[in-house]
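Read through the structure below, which is laid out as structure tokens, and then see the notes.
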Amino acid sequence: MGCLLFLLLWALLQAWGSAEVPQRLFPLRCLQISSFANSSWTRTDGLAWLGELQTHSWSNDSDTVRSLKPWSQGTFSDQQWETLQHIFRVYRSSFTRDVKEFAKMLRLSYPLELQVSAGCEVHPGNASNNFFHVAFQGKDILSFQGTSWEPTQEAPLWVNLAIQVLNQDKWTRETVQWLLNGTCPQFVSGLLESGKSELEKQVKPKAWLSRGPSPGPGRLLLVCHVSGFYPKPVWVKWMRGEQEQQDTQPGDILPNADETWYLRATLDVAAGEAAGLSCRVKHSSLEGQDIILYWGGSYTSVGLIVLAVLACLLFLLIVGFTSRFKRQTSYQGVL
């Protein structure tokens, strides 16, 4: 009986432990791409992501930031939102002008490509961190740190001259500080409140197996497809029993059109070693009921196995207690 109680406790711990979901954070990341074909032709486009969801876009042909979600304005009033958009319009105009002036002063050759990544992340307890990075021709050259602009270690020498000029502009530096330290965390907090249901949604993955192109004579490429899951973090491994196959090659996690994700994991094995292999999928939406697909077509779920074990253990406990009670009753009758 003690052994049965131990097994029951173990099964419960397995079920509870596998259902733990780490706390998620949702950084706001604003991305900007600016192209300068020459001194007279320029284009700047932008978009913003909150965690894994795209929330805003800004076309070069528009003066208005487009909201892609019903809750994209967060808890900002219409006046606050319009003020923020006005700041962005001034920023885009100033950015274009300044780049042209720097190109002339530093004798940079067209075409020019600049990328900007800026935003913030709000943590529990209202703590936050922020970032503002600038890349030139695809390579990071400078960032905003605290109260001023600083070059990266790999930045060209001319970046130091540009930073000297930028740091002399006190109004711009103070505006950047205000946006990063105050406005951004406030805006993100409002987005998290307004978009809570969509941000915290859980969509279960679907998984299937296939055979990929042969890696060579006598070998198989086993492919495990996992699609339609949200949020993005997922764990996929080829297994032999409970042993992870370290040669599993996961691909990139790619977006689907419906804002869910797709991943495939491959394993190159000898044809005679494919039997007994399985693909295991862990995701927060499964609540501990991992998907296991066996090479050869069978399917099972760890959660169902745990439930079956629990049911059997409970049945054995009931039978054991009932049998013991009957024996005690019969002994009392004899006495």
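Each Cβ is built from the backbone N, Cα and C atoms, and glycine gets one as well.
For ASN38 (among others), the entry in Swiss-Prot reads N-linked glycosylation site. The 10 Å shell around the Cβ of ASN38 (N-linked glycosylation site) contains 11 further Cβ atoms across the protein chains shown.
In the three-state DSSP scheme, ASN60 (N-linked glycosylation site) falls into the coil class. Cβ-based neighbour count (10 Å, all protein chains) for ASN60 (N-linked glycosylation site) stands at 13. Taken from Swiss-Prot, the feature N-linked glycosylation site applies to ASN60 (among others).
Taken from Swiss-Prot, the feature N-linked glycosylation site covers ASN126 (among others). Just so you know, the Cβ of ASN126 (N-linked glycosylation site) picks up 8 other Cβ atoms within 10 Å once every protein chain is counted.
Counting every protein chain shown, the Cβ of ASN181 (N-linked glycosylation site) has 14 other Cβ atoms within 10 Å. Positions annotated as N-linked glycosylation site by Swiss-Prot, on the basis of sequence analysis: ASN181 (among others).
Averaged over the domain 'Ig-like' (185-292), the predicted model reaches a pLDDT of 96. According to Swiss-Prot, the feature domain 'Ig-like' maps to 185-292.
For 302-322, the entry in Swiss-Prot reads transmembrane segment, with the evidence type sequence analysis.
Residues or ranges marked as topological domain 'Cytoplasmic' in Swiss-Prot: 323-335.
The residues of the domain 'Ig-like' (185-292), classed with DSSP into helix (H, G, I), strand (E, B) and coil, number 20 helix, 49 strand, 39 coil. In this structure the alpha carbons, written CA, of ASN38 (N-linked glycosylation site) and ASN181 (N-linked glycosylation site) are 35 Å apart.
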